[in-house]
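Comments concern the structure below.
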């Protein structure tokens, strides 16, 4: 982290300057931070960040980089400039360091006047031996929760890069030429050529995207494949009624010469869209796609018949009559075996969903399904809201039948669809269904849904999360941090053994049970099927924890979890993040380039582990190469006993009752626990079949209900 100054400005004295008389009664200041750069014209200072307007007697932070200066301008309501001065931040930092980390000086302004400025220097917590000084100042880097981010999912079709898009104005599909209905992110739009389509029409796109179709590979593609090379004959046209562009789908604005019209097929486009329209004059993409699909299905059926014919005739040519006779035996009916049930999926017909006949199921499944069909949100009493976000809310809920307490995560279907996160929700459900196999993963009992919401019923962990606890003690001692880290390692290694990359490890997602053992929670960012050499390249995670290979756009595997684990361990031991920046751009630059600062008081084994986790070459990072369990920091850990929870945790949270929620943020607990209702029109237009495989029951839920 680069050091920074916390600066406060106050007591502006205009002096004897007559020009500011009357305006100096209530002046304000502007702060411009400028960077030193070398250019062809010589040395110069450039402002890269927005101008700040700090109120008097307030503070702001300025990072100390070589050559960075701060220009302070005092202004009045009717006067552009009263006075100003420029301060070199490095010199100000040196003055602070010589005066026990703080200074207070009068700045002489030009042309006249002066201002009182106080500054305090911050680097790392290691610069202060007395923790009480930080407690009095209230300065800790880990004072707020940090949300995860995920790059929009890109659908690659014929070189198009379609992403779910919100259309702020009426838009028509460029494939079927029908209106794109719905709210929020109604359809897809190509990031390269701006073509807008329905989500349902994505399989009907036949034109390749190159960003520009003139003399492009797209023309050659259709010329060779379909013998189609029909350029449009566009001419400027005056439209007398509202008309929409048939490429990007939006309205042609203006009073005259609003767009272009093809003389041959009558296609209407914007001037800006002309160069992006494919040479498909007179071609109906929808009908063409349906015809091609029919041809393909016919060819596949013919190929399948030919392969079956060859398979049947093959043994006769080899002359194995007895084998042929044995093939005519009636098929065997499988008998049910004694296998432990891993969970039962069921779906009750939702209002507005298609009700189709389902094949009969085994009797045991029908019995369980009949029991679980009764599970709905009305079977629970919502006592408190434990947390919320854009996705939905988390509640403390009591099951009416057994008086047991659960944590219910309620997702809003409209938000899930709007963010194109249906598959992420299904992944979270599948990962949670595996969690019963490991003690340090949050256990899920069941999932169910209504027309508006998706519900995860999980165990209630009333010990709170590590972010809540670290805010009260600022950092964990070595034994406590080591214990938590060891249990996190076991949880991560279990997920990796199942081909799952977690991708969102952070203090907020590590919960404590009433005994003080950790539980990893929130699996919405997980990636499945990552065994062997499999890799992915989705940009996602919480900014402070994102690995450098993700920022560089490289393909990655479970190596990113070990980088995030290093950030987590650093925060537990030192009390703040290893990488910093005033915005995401600076933070990501710090992650890619900077080396974390290690305080002098940090144990040698802990520093060695962090250094090996913060290796920027993924294949050389500890956890990917080498056994992290064998590191000297964990030499006193008995891993088998730890996994059996036979080692007492160093900290036991204060829990008064099974429904105690005192270890959660008060800002959420004070709100009324109720579901957020979605827009009725949007819900009615939603395809409920997208969530047809969501509902699930774990055998553990049946055991709890029937006990």
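Each Cβ is built from the backbone N, Cα and C atoms, and glycine gets one as well.
The feature zinc finger, as given by Swiss-Prot for the ranges 159-209, 312-362, 363-413, 414-464, sits at 159-209. The range from 231-281, 486-536, 537-587 that Swiss-Prot describes as zinc finger is residues 231-281.
In Swiss-Prot, the annotation phosphoserine falls on 676, out of 58, 212, 676. A Cα-Cα distance of 18 Å separates residue 695 (phosphoserine) from residue 392 (ATP binding site).
Among the modified residues listed (90, 538, 676, 685), 676 has its Cα nearest to the Cα of residue 392 (ATP binding site). The separation of residue 685 (phosphoserine) from residue 386 (ATP binding site), Cα to Cα, is 31 Å.
When other Cβ atoms within 10 Å of the Cβ of residue 90 (phosphotyrosine) are tallied across all protein chains shown, the result is 16. Averaged over the zinc finger (159-209), the predicted model has a pLDDT of 78. Neighbour density at the Cβ, taken as the number of other Cβ atoms within 10 Å, is lowest among the modified residues 676, 695 for 676.
Annotation for the modified residues 538, 685: lowest Cβ count within 10 Å of the residue's own Cβ, 685.
On the backbone, the CA of residue 538 (phosphothreonine) and the CA of residue 394 (ATP binding site) stand 26 Å apart.
The Cβ of residue 394 (ATP binding site) has 385, 386, 387, 388, 407, 408, 409, 410 as same-chain neighbours under 8 Å, each 6 or more residues away in sequence.
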